[in-house]
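Chemist: I am attaching a structure below and will ask some questions about it afterwards.
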Amino acid sequence: MTISEKSLDAEGLRARVADVLATHDPATTDRLEFLRARFDAGLAWVHFPVGLGGLDAPRELQAAVDAEFAAAGAPDNNPRRIGIGLGMAAPTILKFGGEELKQRLLRPLWTGEEVWCQLFSEPGAGSDLAALATRAVRDEGTGDWIVNGQKVWTSSAHTAQWAILVTRTDPDVPKHRGMTYFVLDMTQPGVEVRPLRQITGEAEFNEVFLTDARIPDAQRLGEVGAGWQVAQTTLMNERVAIGGNAQPREGGMAGKVAGTWRDRPELRTPELRDRLVKLWAEAEAFRLAGSRLRQQLAVGQPGPEGSGMKLAFATVAQELAALELEILGEDALRYDDWSMRRPELVDFTGREAGYRYLRSKGNSIEGGTSEVLRNIISERVLGLPAEPRTDKDVAWKDLPR
Amino acid sequence: MTDADLLYSDVETDLRASVRDLLTDHCEPASLLARVESDEPYDRALWRTLAGELGAAGLAVPDELGGQGASAREVALVLEELGRSAAPVPFLGSAVLATSALLGCDTAADAVADLVRRLATGEAVGALAVPLSTMTDAGFPGDVTAGADGTLSGTVRSVADGTAADVFVVAATGPDGPGLYAVDAAAADVSAPVSFDLTRPIADVTFHGAAATRLAGPDRAPDAVTGALLTGAGLLASEQLGLAQWCLDETVEYLKNRYQFGRPVGSFQALKHRLADLWLELVGARAAARYAADTLARGDADAPVAVATAQSYCAETAVHAAEECIQLHGGIGMTWEHPAHLYLKRAKASQVAFGAPGRHRAVLGDLVDLPA
């Protein structure tokens, strides 16, 4: 049986995995060479098209493929390091990119050879992303776009080769209509990256200054003026990526605080215990809600519950982290290290309790503030009317700012 | 823990539709108030259809004992719908508590099998003679004693659905230890105190040397009572979920149509965000309630954790939903004529049922190794 004849079910995919393993022994094959071979066999993301790392197979089969490779001791692409590329850039490029662009970008994105970052938020455009001011102007001579502006809250900008970028291309129309979406080469001279230090002391994020940065028109995703619609694809994938993973009981923050409680009997009081168990139960209820959501997806009946998972995750994590400091008492008066660092990976439950408390504050801001999520739930799930808007029919250049 | 099915099966969805149709026809909120203020607060016609025709009273009872051979999952689903309607039927007392206690006895014994069959078919209404507020870990009830002649004496206060009962399942301690007994309601002195929850009235039940049939002795009676309380607490979470869902739906509809300041009040963020938070609580409550029902249905070892989680969480969700319903309805929500108060009273009484949330958290802390 040749590869192309193998069926697109779990059995057929297992046979394909076996082929890759047979021709590229993980024990002796160079990591990058192995990952490229896996991509070329269509086993990177099986639901992607043939030739772009996939097989047009059902997405549910991916987990089994990942498990087969892991069981064989194969290297993975360190997905946490390249989360923005995998979770946000790739689906957007796939949906809106030209054929040549997809061929050029998706393989090194998946193998991790090229790291991606997201240039969306600006100092003047946070929750109101559509207010963004970074200008892209067409150079009529070359057809390239010349970009000027400032972006902020950019993870991985200092290691990124590429960025997904939303710009203002027409200031004379209402804000949602005058944007255009690009992929930007971060290594060019017009791109300056500065660390943005945050309340934990470290700098996960960056500010990115764009000064006459140049983008060939072939790197535009979607039509000129359709950047908002393209960005929706990215943002939808971002919210799925945060707070949507399977967790064991006491996974995440609940396990950290429970561990402290078990290790430090001398700190226990009845009042702290009731609060701890209350939060434990809440964390457990939403862990089960996450399982329920995945069961709904598996039978093809996604419910509206997904909109709430990130909101619940943020609230519970913050309350648990805050409680842990109260449990710790005197130990909560100390912090492990305020020195400026640039972590490659971010672990919300890493380091010590003080860090976890401070880092959790970001959970209700990043990837959509809890307030914006409440608007989305109340309008899209519950069907309540929107607040009256004053910014929808006004040209972007005439908006107060 | 990993095998739990947290969804609603097709069969369960069909069952929900049947029960909801019935309740829509017989139990709309506007007539609920007239019903509970009448001389007959229980809707017996509704109960006959629900128990007799739909077979809802015997869902978790095996076929050979006259039931439907389904499980706690289906019982939970009926409770969701009953909670949504605050339906005045003795389902919790008879189909959940009394039936669960009986199923904890030796069902090969004629007396047990006969009573299970009568309750499962709706021929008779049962009630478990314990205060509704009895905590799941309270130990064997001590209110009633059994004499050497097998008659029962004692008083049990605040029995759920006691005024509707034809027969009481009574935990009593006799010369040879704890036992479970059946007593005809005619042999008991049943009084109806003013009940905080108008749609599930309580009864005070006194036995003066009442004739009784012994259903279980010391070997089974304590576990039968504990099992019934655990099942009751776990499945009540689904009723609380259904109640909360009604409160949310009703409030959302009201806020879409109520105009103040020249716009629907549901367009104000201050109100929308409260409802979004409430909706999110229901997402958690639904998962917790489904997990409790599923573990009870499978006899899973994690059931006590699931019940304590669900009961502590869903009880608070129901009260929060009912309180938001009153507040966000504004003045009309505070009136006797609007049904919101019936839901608030059910929610608050149910929060105390089987022990208030803090007591379930204390139990949960012990179960999951978060010691005091």
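Glycine is treated like the rest: Cβ placed from N, Cα and C.
Taken from TrEMBL, the feature domain 'Acyl-CoA dehydrogenase/oxidase N-terminal' applies to B:12-94. The domain 'Acyl-CoA dehydrogenase/oxidase C-terminal' annotation in TrEMBL covers B:225-364.
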Chemist: Summarise the domain 'Acyl-CoA dehydrogenase/oxidase N-terminal' (B:12-94) as counts of helix, strand and coil residues per DSSP.
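Modeler: Its residues fall into 58 helix, 0 strand, 25 coil.
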Chemist: Where DSSP helix means H, G or I and strand means E or B, what are the helix, strand and coil counts for the domain 'Acyl-CoA dehydrogenase/oxidase C-terminal' (B:225-364)?
Modeler: 119 helix, 4 strand, 17 coil
Chemist: Restricting to the domain 'Acyl-CoA dehydrogenase/oxidase N-terminal' (B:12-94), report the mean pLDDT as a whole number.
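Modeler: PLDDT averaged over the stretch: 95.
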